Amino acid sequence: MSTDNKQSLRAITLAAIGVVYGDIGTSPLYTLRECLSGQFGFGVERDAVFGFLSLIFWLLILVVSLKYLSFVMRADNAGEGGILTLMSLAGRNTSARMTSFLVIIGLIGGSFFYGEVVITPAISVLSAIEGLEIIAPQLDTWVVPLAIIVLTLLFAIQKHGTGLVGKLFAPIMLAWFLILAALGLRGIMGNPEVLQALNPIWAVHFFLEYKTVSFVALGAVVLSITGVEALYADMGHFGKLPIRLAWFTVVLPSLVLNYFGQGALLLKNPEAIKNPFFLLAPDWALVPMLIIATLATVIASQAVISGVFSLTRQAVRLGYLSPMRIIHTSEMESGQIYIPFINWLLYVAVVIVIVSFEHSSNLAAAYGIAVTGTMVLTSILSTTVAYRNWHWNKFLVALILVGLLCIDLPLFSANLDKIVSGGWLPLTLGLVMFIVMTTWKSERFRLLRRMHEHGNSLEAMIASLEKSPPVRVPGTAVYMSRAQKVIPFALMHNLKHNKVLHERVILLTLRTEDAPYVHNVRRVQIEQLSPTFWRVVASYGWRETPNVEEVFHRCGLEGLSCRMMETSFFMSHESLIVGKRPWYLRLRGKLYLILQRNALRAPDQFEIPPNRVIELGTQVEI
């Protein structure tokens, strides 16, 4: 590897540390405290400490190192990852029925992420600022207000992008992990016997010793791997090698050292259970630790917010969410986007959660169920990809799936016990998002099918118009068409009411490909249907934003020139009414009407000059 390549790899690896590992990197703030807080019927006992440390270590090895970094990350769509990408890959070579099943699994996984994303900023920032209770116990009433202030500032700066402050993420998080390692070493040196917990026999002994209670306690151990999905979701930003390199050289050693350092401290001083992370530090370092812990949790929250923006854009482009305003905050990096509606909706939800739960320990009960649910779904989808796409031996795939589920299902089942004490929150949020996504997709399909079910043949209509043309007016008319072989509603209504046709007519279809990006060579396909009719199909990836001016620039390069200020864009605007249907479908229809009314209009969605747009209304019953 050349010197330049090595330097580039180091830079990308450092950047990955700053973004990808924020969530899992701040888990030591609260994980061991929740494991040994006494809620499971046992306190800070030697067997319990060793058992939990062994479970945490082997979860980091089996789930993060083996499952995600070695297996799941093999499944990429042009380098991109994430649960919806995995869903798309899994459904490529399957039957229609199987594809529908896999789509449901993928949407549930995406919905779980929306449920989790509300909790992550709240529990992360709260757990950091709770260090104030160690420094100055009399200021404990300020924890919630300070957490809200920090998160308010974080959400407020989203519209300006993270390009400038993002450059600080990597060095801050690198410093954070080095501090984790140093504090952990300090604790281990005081009680080296804690390293015995590296032996998996202590995890087995934990289950034998504490029996039924040990299974429920798995729900707390899961806190150590929250954020593991980010490794796969952010693969497109950094690549597989930098993410893997960052984990094995910096993140994993730092996490293991810190967890074992906390364990060593608790064996010497069981009273440190009130906050073993901060009490691991010397007194003089508490204030600096509070500051850098807060910065680290803000960065972890930023990574989650950016993740929900990316997931939302992908869902919009794939047709699972209604179009909404997406603002690019960087001219250099297409992945840096801002979605105002999602940003402020998430902010309100996070503030409500902080005010309602007040303490990170209360929120810990709500955390984990969405994470483990997504892990189960990821196992199913990734093994489907291995069998269908990679053509692995079915017995090997079955063995891998059984092995993965032997880990995932107990973790998920253990978290079901949390539903009453807080787990209902991510489940409810996830259910709402699942209903919204399936409603938009299915009702949109019903609407388009109803609009086109009585349509005449496009070829026959064009032939008729060429044979007996109506009055022709100068200029070019562009009719937006959702389907290539269907007569656009706007064209039919223009002929019906205005009884004129432009000299040149272009039927434009904007299509989303099953890929993050589409090369410019494949951007535009032009087909001349008659002397005065053309069909243009423009293809975009789900990480790209369609732009009509760019489309016609590409058309001009291929011989079909259009001047935007001499072109009229005709679009149909549907006024929807809910027809006779069962009560539950009426409710879904009304939800769709609400989503439709608040959706971004096509001219704004496709960046068409508003003074060149003509909308023709039509009423459609759904």
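Placed from the backbone N, Cα and C atoms, the Cβ positions cover glycine too.
These come from Swiss-Prot:
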- 12-32: transmembrane segment (TRANSMEM)
- 49-69: transmembrane segment (TRANSMEM)
- 101-121: transmembrane segment (TRANSMEM)
- 134-154: transmembrane segment (TRANSMEM)
- 163-183: transmembrane segment (TRANSMEM)
- 213-233: transmembrane segment (TRANSMEM)
- 247-267: transmembrane segment (TRANSMEM)
- 276-296: transmembrane segment (TRANSMEM)
- 337-357: transmembrane segment (TRANSMEM)
- 363-383: transmembrane segment (TRANSMEM)
- 395-415: transmembrane segment (TRANSMEM)
- 419-439: transmembrane segment (TRANSMEM)
Are there three or more C-beta pairs under 8 angstroms joining the transmembrane segment (276-296) and the transmembrane segment (395-415), sequence spacing 6 or more?
no
Please indicate, using numbers and ranges, the residues of the same chain that are 6 or more beyond the transmembrane segment (337-357) and have a C-beta under 8 Å from a C-beta there.
117-119, 121-122, 126, 144, 147-148, 151-152, 155, 158-159, 161, 305, 308-310, 312-313, 324-329, 363, 366, 422, 425, 429
Among 49-69, 134-154, 247-267, which stretch has the highest count of C-beta pairs below 8 Å with the transmembrane segment (213-233)?
49-69
The transmembrane segment (12-32): which same-chain residues, six or more beyond its ends, come within Cβ distance under 8 Å?
52-53, 56, 64, 120, 123-124, 127-128, 166, 169-174, 176-177, 180, 220-221, 223-228, 230-231, 234, 237-239, 242-243, 245-247, 249-251, 254-255, 258-259, 262-263, 266, 276-277, 293, 296-297, 299-304, 306, 360-361, 364
Can you say which of 134-154, 247-267, 276-296, 419-439 has the most Cβ pairs under 8 Å with the transmembrane segment (163-183)?
247-267
Other than its close neighbours in sequence, what residues sit by the transmembrane segment (247-267), given a CB gap under 8 Å and a spacing of at least six beyond its ends?
13, 17, 21, 24-25, 27-28, 31-32, 36, 44, 46, 49-50, 52-53, 56-57, 60, 64-65, 69, 174, 177-178, 180-181, 183-188, 190-195, 197, 224, 231, 273, 276-277, 279-280
Out of 49-69, 134-154, 419-439, which stretch has the largest tally of CB pairs under 8 angstroms to the transmembrane segment (276-296)?
134-154
Positions whose Cβ lies under 8 angstroms from the transmembrane segment (49-69), at least six residues beyond its ends:
24, 31-32, 35-36, 194, 196-203, 205-207, 209-210, 214, 217-218, 220-222, 224-225, 228, 231-232, 243-244, 247-248, 252, 255-256, 259-260, 263, 266-267, 375, 379, 404, 407
